[in-house]
Structure formats: C-alpha cells, structure tokens
Amino acid sequence: MKVLVPIKRVIDYNVKARVKADNSDVDLTNVKMAMNPFCEIAVEEAIRLKEAGSATEVIAVSIGDKACQEQLRTALALGADKAIHIETDAKLESLHVAKLLAKLVEQENPELVILGKQSIDADNNQTGQMLGALTKRGQGTFASKLVIEGENAVVTREVDGGLQTVSLPLPAIVTTDLRLNEPRYATLPNIMKAKRKPLDVVAADTLGVDLAPRVELVKVEEPAKREAGVVVESVEELVTKLKTEAKVIS
Amino acid sequence: MSVLVIAEHENGVLKPETAKVITAAIKIGGDIDVLVAGSNVAAAADSVAGIAGVSSVKLVDDANFEHQLAENTADLVVELAEDYSHILASASTTGKNILPRVAALLDKSQISEIVDVVDADTFKRPIYAGNAIATVKSLESQKVITVRASAFDAAGEQGPVSVESLSNGAANNLSSFVGVEQTESERPELTAAPVIISGGRGMQNGDNFALLNGVADKLGAAIGASRAAVDAGFVPNDMQVGQTGKIVAPDLYIAVGISGAIQHLAGMKDSKVIVAINKDPEAPIFQVADYGLVADLFDVLPELEQAL
C-alpha cells in the first residue's frame with residue numbers, strides 16, 4: 001500500500017504571530033518556521049503503517065516556495081521514502097492545494113492519503129475534505145485511531161460529544177487529530193540519510209490547476225485586547241465581585 | 001440572494017448552534033432556508049421552523065443520512081445548492097466535516113469559522129490561533145461558509161413556517177458507520193453553557209476533576225479541560241477547550257490550574273468574564289483574566305463550593 005502524506009510549512013506553534021503595522025497580513029519575516037503539528041502526526045502515522053507492514057511506500061509532499069523542502073527533509077528523516085515538492089510562490093487557498101494534491105493522487109494513485117486536520121496558521125480545516133471530494137474518495141476526518149482491515153480503513157473520529165467510528169473502502173483520505181499518535185524525533189544518522197533520499201521538484205503550473213485567488217485578504221488586525229483584570233485576595237472577595245461587580249452569578 | 005443553512009442535530013434533537021448560524025444568515029440577508037437531513041429528524045425540523053428569520057425548512061428524513069456522514073450529506077447539499085448564493089453550517093465537527101466537501105464539489109473556495117459578517121461577500125475570521133483577525137472578501141459567485149457559533153447570539157422565535165419533505169439523495173457507499181461512543185454527561189453542553197469551569201494540568205490527575213463537580217453543580221456549569229489535561233489522560237478529549245478543541249464564549253469562564261497557553265486562550269478568550277485560579281502568579285492566564293486568585297486550587301475549590 002502506498003501512502004501519500006501532504007505536509008505544510010507554518011510558523012512554529014510556540015511563536016505568537018504578530019500583525020504587520022500596515023494591517024496587510026501577519027509578519028513572517030525572521031519568524032521560526034516548522035512542520036505543522038498535525039502534519040507531523042500524519043507523517044508519524046504513515047511511518048507506523050509502514051513499520052506494521054501495511055504500507056510499502058510513504059511519499060511526503062509539500063506545496064509552496066523553496067523553503068518547504070526543509071520540512072520535506074524532516075519528513076524523510078522521520079522515515080518517508082521519497083518527497084515531492086510542488087513549487088509555487090502563489091498564495092494558495094485550501095481549494096488550490098486540494099486540486100494540486102488531486103493531480104498528484106491521480107499520478108501516484110496512493111491507497112491512502114493522510115493529512116493533518118488543519119494548519120495552525122490559516123486554521124481552515126478544509127484540505128482533506130476537499131481532496132476527498134475531488135478524488136471521489138471517502139474521508140475519515142479528525143482521526144484518533146486508524147486501523148487497516150483488509151480493503152478498508154477503519155477510522156475512529158473525534159466528534160463533538162465523543163467518538164465515532166467509520167469504515168472507508170480503500171483508497172481513502174484520512175485527516176489526523178492530535179491524539180492519533182505521538183510523533184517521534186529525527187535522529188542525527190537519519191537526518192544525514194535523508195539528504196540522500198529522492199526529492200523531486202515539480203513546478204505547480206505544469207499541473208494544469210488554475211491558482212487565481214478566489215478570496216481576497218482585505219486586512220488583518222490584532223484581536224480586541226482584554227483589559228487587565230484584578231487580583232483578588234480570597235475566595236470570599238472573588239464570589240462577592242462575581243455577584244455584585246461582574247453580575248455573572250446570583 | 002438566498003441562504004441555505006445546514007441544521008445541526010443529534011439523536012433527532014436540534015442543537016443550539018443552528019439558531020446562532022441563522023443569526024449569521026440574517027446578517028447576510030435574503031431568504032433563509034434550512035436543510036434538516038438525517039433519520040427520524042421530523043421533530044428537529046419542527047424546531048427549526050419556529051426560529052425567527054427562517055423562510056422555509058427542507059426535511060430529508062432517510063436512513064442514508066442517519067449519521068450525517070460527509071460523503072452522502074455533501075452530495076445531498078450539492079443537489080440543492082443551485083438556488084442559493086450562500087451555504088452555511090456551524091463550525092462544529094459535523095459542519096467542518098461536510099462543508100469543505102460541498103465547497104470542492106461546487107468548485108468554490110470555502111471561508112471557515114467566521115465570527116462576523118461585514119457584508120454579503122465580506123467576513124471576519126480568526127487566524128493563527130486567534131492571534132489575528134482577518135477580513136476576507138469572497139470573489140466566488142456562491143459562498144460556502146462555516147460559522148463560529150459562539151460569536152453569534154441565537155435567533156429568536158417565530159410562528160412556525162412550512163416544512164417541506166424532499167425525497168432523498170442516494171448513498172454513494174464511500175463510507176459506512178461502524179459505531180459511536182458518546183461521553184455521558186448530565187451537565188450542559190460545553191458550547192452552549194452559560195458558565196464553564198475548566199481544569200488543567202494543575203488538577204494533577206483525573207480523579208481530582210471530581211473536585212470541580214461541586215462548584216459546577218452550584219453554578220449549573222459545564223466542565224471543560226485544557227489540552228494538557230486531555231493529553232495527560234485526565235479527561236476525554238471532547239472536554240477540551242482550545243484551538244483544536246471546542247471554542248466557547250460563556251458569560252463566566254473559570255480556569256483552574258490552567259497556565260493559559262496560546263492554544264487554550266484561542267478557545268475561550270471571548271468569554272464575558274474570565275476567572276483564573278492558579279498558584280503561579282506568572283501564569284499567562286492572568287493576563288486575560290478579569291479576576292485572578294493566586295492560590296492552591298486544592299484549597300480554593302472546596303472553599304468556593306462553600307461560598308456559592
């Protein structure tokens with residue numbers, strides 16, 4: 001079974017994003033970048049499938065400018081067999097990404113595509129579902145457990161109110177939730193080895209996908225600041241203030 | 001202009017998110033039709049018919065939609081989509097699962113988790129874990145949008161409008177339902193509760209979460225948790241409040257033993273009043289708390305229960 005894992009280069013999750021002074025966007029110059037945490041989980045899951053003998057090949061793919069090859073090398077160091085970089089400087093929306101990935105799915109025909117459920121920058125939570133629609137495959141989103149049973153992927157999903165399990169005939173699309181697994185760290189020998197693994201570069205405009213923007217970013221602002229509050233000395237004072245000042249309890 | 005809202009329901013009962021999505025639809029303008037798709041959902045459709053602003057209700061009651069699997073439901077929505085300029089759903093796990101599939105089938109870019117409607121094409125939404133608010137304008141002829149329910153008030157009531165039963169779409173067999181494991185709780189649902197008390201890593205273990213029960217009982221509160229508490233296995237993940245869990249905006253949010261990581265704040269910083277109880281005076285949670293109490297939660301919780 002071939003597994004395709006799309007990954008995204010995003011701002012490191014520990015970094016607090018700052019809005020540019022002209023309100024045009026978030027400032028990403030000289031900011032630490034990393035693999036999106038949900039994508040790390042997707043890579044880990046694919047590698048575990050390979051270690052368990054259900055996957056034969058793991059292909060990592062990333063779409064964006066040259067810098068995202070850094071994250072592809074990370075995926076290779078973690079255990080992916082080969083990487084594909086779809087190169088573009090265009091600002092992409094989830095639909096564009098899904099369409100580019102759909103082209104790749106057509107070429108590579110993986111039985112399983114594992115994506116993160118959302119990127120921590122745009123917070124869209126769309127790409128996996130869109131890829132499911134475009135490739136006419138079933139989708140197991142927000143997965144906290146993935147089991148391959150013969151010709152099916154059995155996916156336990158994190159839904160409001162609990163867990164739901166669905167069975168998807170392969171080929172299928174799965175998106176990862178945080179509790180699916182705990183990603184490993186790349187060891188130095190594996191990082192060295194990853195440098196010799198194949199990394200193909202494909203120009204996005206050779207794939208025949210229209211990348212014209214469909215959503216215009218009008219402006220980006222700081223969220224409304226909360227006023228600094230007060231520190232109370234005792235439980236009694238807290239309850240009194242909640243009753244008389246904030247009036248949120250009676 | 002006309003808006004199609006996908007109703008949110010569970011076990012045949014309408015969920016409160018729907019009335020909030022309808023408020024967003026009212027801000028967009030035009031007729032508002034609501035699709036109720038599921039199995040044994042006639043009662044939910046009747047509830048929708050009584051929500052102010054709704055023009056008509058379309059009911060598809062069929063076993064194919066019993067668990068609202070994305071594959072079948074998206075095909076159904078696409079069948080109905082032609083007549084609508086806007087298609088809206090709640091940014092719940094159900095809406096997030098279905099709507100991007102609808103958008104791609106319609107070849108439209110989706111806008112996720114809007115918190116405000118500027119005009120019929122322009123919307124505000126948080127990005128970077130709520131550290132920035134983007135204003136985005138859709139250039140699409142048809143807008144596909146999920147709505148952050150906590151950012152809108154619920155629409156009021158009206159004399160019920162008509163409910164139209166539609167014949168169903170077919171099943172496409174791209175997925176099948178296996179089972180569900182629901183978290184049992186007598187408490188109000190997190191996303192709808194007026195008061196929430198949440199525990200974090202400071203609770204130390206799952207058993208200690210019982211200490212929150214007393215206070216929650218007195219306040220009629222729902223109990224939430226930080227990701228740290230969920231990851232440590234103290235409580236199930238559907239209690240998680242945060243960027244990757246539930247987004248809440250209650251009247252009162254009490255954070256107990258929660259440091260206040262970016263990921264947690266993204267899920268609760270729009271609460272009306274925030275109370276932080278933490279023994280570390282440097283914890284970032286105090287920067288957003290209206291009332292902070294620097295003390296050991298194990299001393300405070302019983303005292304608080306007594307005082308209420």
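Every residue, even glycine, has its Cβ placed from backbone N, Cα and C.
Quick look at what TrEMBL annotates:
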| type | residues | note |
| --- | --- | --- |
| BINDING | B:R201, B:226-227, B:240-244, B:257-264, B:N278 | FAD binding site |
| DOMAIN | B:3-181 | domain 'Electron transfer flavoprotein alpha/beta-subunit N-terminal' |
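A map of TrEMBL features onto the structure.
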residue : record           : DSSP (3 states)
B:R201  : FAD binding site : helix
B:Q240  : FAD binding site : strand
B:I258  : FAD binding site : coil
B:H264  : FAD binding site : helix
Of B:R201, B:Q240, B:Q243, B:A261, B:H264, chain A-adjacent binding-site residues (C-beta under 8 angstroms): B:Q243
Cβ atoms near B:A261 (FAD binding site) (within 10 Å, other residues, all chains): 20
Which same-chain residues, if any, lie at least 6 apart from B:H264 (FAD binding site) yet have Cβ under 8 Å of it: B:G200, B:S226, B:R227, B:V241, B:G242, B:Q243, B:A255, B:I258
Least Cβ-crowded entry, counting other Cβ within 10 Å, from the binding-site residues listed as B:Q240, B:Q243: B:Q243
Chain-internal residues, separated by at least six, CB under 8 A from B:R201 (FAD binding site): B:S226, B:A228, B:A229, B:A232, B:G257, B:I258, B:S259
C-beta crowding around B:I258 (FAD binding site), within 10 angstroms: 31
Model confidence over the domain 'Electron transfer flavoprotein alpha/beta-subunit N-terminal' (B:3-181) (mean pLDDT, whole number): 96
